[in-house]
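As given in TrEMBL:
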- 49-67: transmembrane segment (TRANSMEM)
- 88-108: transmembrane segment (TRANSMEM)
- 120-142: transmembrane segment (TRANSMEM)
- 172-196: transmembrane segment (TRANSMEM)
- 216-235: transmembrane segment (TRANSMEM)
- 247-266: transmembrane segment (TRANSMEM)
- 331-352: transmembrane segment (TRANSMEM)
- 364-384: transmembrane segment (TRANSMEM)
- 390-415: transmembrane segment (TRANSMEM)
- 436-452: transmembrane segment (TRANSMEM)
- 458-475: transmembrane segment (TRANSMEM)
């Protein structure tokens, strides 16, 4: 009887020790988990690994695309063209570096000066409004006064804009945004207009122009942008020079590019006739757009896509850090640009071949870009967004980042493709004027969105961008249909007409 009792006691004691062991093990695991895997340090470490994985994966794909190019993907050119192309690519890369260095830190700089989302939105509105009003006038003068002068004006204007970033005063920052808006119009019209005119003046083959376009986007909107993003991150975070340092570096680079333009570029014009004033140029451009459906469609497509793209520039930071989480702006920006490189590399392959045509594959590009900007809406529906500030980017933010990279890849395809279509359909004598006309609805759209930025949730604005991109795909389909029609006359005969009485090109 006593043996049985002692046995039961030992059994009970053993059971208690086993239960205690289980409890101790569970507590130890929870304690270990709370100390390590739930600390901000390990959360940040996991996020850094994710950033590096995305960046590294994109880099491997871009390298594979570039190294696997065969003869079908390459175009044989002359030594004279190669020299001309390299000179332009050097200048364009420097100009884009001056622009990209500022990109990731504009929004961030304004926040460090104590401005809220509404005030920052008004500053962005000032920039786009300036591009619409003053930029259209200054950019249009390039056709008459010279494209080289317009490129030099871009450098001077943007350098002055960078200098204003040293002041925290709202009016000074507003002046900087106005100057930046004028510079942006020149960047996206004067340089391309100079290139097309100089390319044709030197008698190079038309197909080679696509090569310059795709390489310019690959370098200027890709590799240079990545280096700029990393360099900006180095200046701000590693060296701790503050968020204004990238703007100072941009001013120095723009000055170097301006010196190269002054020393090596020749001047060319659109319509240098003395009897045409600015109003006549505007009227001629308006007649060309109204009378040629291809030009009108091209302008609408460009405005819809670029409007969505510039809105995305304003939205990606609050989308990835809704509670002001610490995210590596420069590194994420560099990742976006690597995705853009991927797109431009793919575009260069497509444009080196006769099929598919640009007008055909761009329909798919617009649809993919529309789907990618729907991800913030989808992720917020299936993954509850964090309500308090966390150590880094959330799970939903990771999914959105992948979608944003897809959108940037579409941007990389869009730029050389739209440049090729513009070179085909826009008449030379009014190229800069018409290109700046295209930016008017774009700037109106962005201004309206930014003015109402506090009135709508961020998901609504992403939804609007997605709808506009879908409409761009529909218009691209229409452009494909009408360009398949046989041409009854070419640009050469139409250039001899008076733009005030007859259209510049056929319908």
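Each residue, glycine too, has its Cβ placed from N, Cα and C.
Between the transmembrane segment (364-384) and the listed ranges 216-235, 436-452, 458-475, the one holding the most Cβ pairs under 8 Å is 458-475. Of the recorded ranges 49-67, 120-142, 458-475, the transmembrane segment (436-452) has the largest number of C-beta contacts under 8 angstroms with 120-142. Counting same-chain residues at least six beyond the ends of the transmembrane segment (120-142), those with a Cβ under 8 angstroms from any Cβ of the stretch are 107, 110-111, 149-150, 153, 170, 173-174, 177-182, 184-186, 189-190, 193, 270, 278, 281-282, 285, 310, 314, 432-433, 435-437, 439-440, 443-444, 446-447, 450-451, 453-454. Scored by C-beta pairs under 8 angstroms, the transmembrane segment (49-67) has its highest count with 331-352, from the stretches 216-235, 331-352, 458-475. Among residues of the same chain six or more beyond the transmembrane segment (247-266), those with a C-beta under 8 A of the stretch's C-beta atoms are 87, 90-91, 94-95, 97-99, 101-102, 105, 109, 148, 151-152, 155-156, 158-159, 162-163, 165, 194, 198, 231-232, 235. When Cβ-Cβ distances below 8 Å are used as the criterion, the transmembrane segment (88-108) is approached by residues 120, 151, 154-155, 158, 162, 184, 187, 191, 195, 212, 215-216, 219-221, 224-225, 227-229, 231-233, 236, 243, 246-247, 249-251, 253-254, 256-257, 260-261, 265, 313-314, 317, 329-330, 332-333, 337 of the same chain, each at least six residues removed from its ends. Distant neighbours of the transmembrane segment (216-235): 88-89, 92-93, 95-97, 100-101, 103-105, 241, 245-246, 249, 328-331, 333-334, 337-338, 340-341, 344-345, 347-348, 411-412, 415-416, 419; these residues of the same chain sit at least 6 beyond its ends, with a Cβ under 8 Å from one of its Cβ atoms.
Using a Cβ-Cβ cut-off under 8 Å and counting only residues 6 or more beyond its ends in the same chain, the transmembrane segment (458-475) has close neighbours at 297, 300-301, 304-305, 307-308, 311-312, 315, 318-319, 322, 363-364, 366-367, 369-371, 373-374, 376-377, 380, 445, 449.
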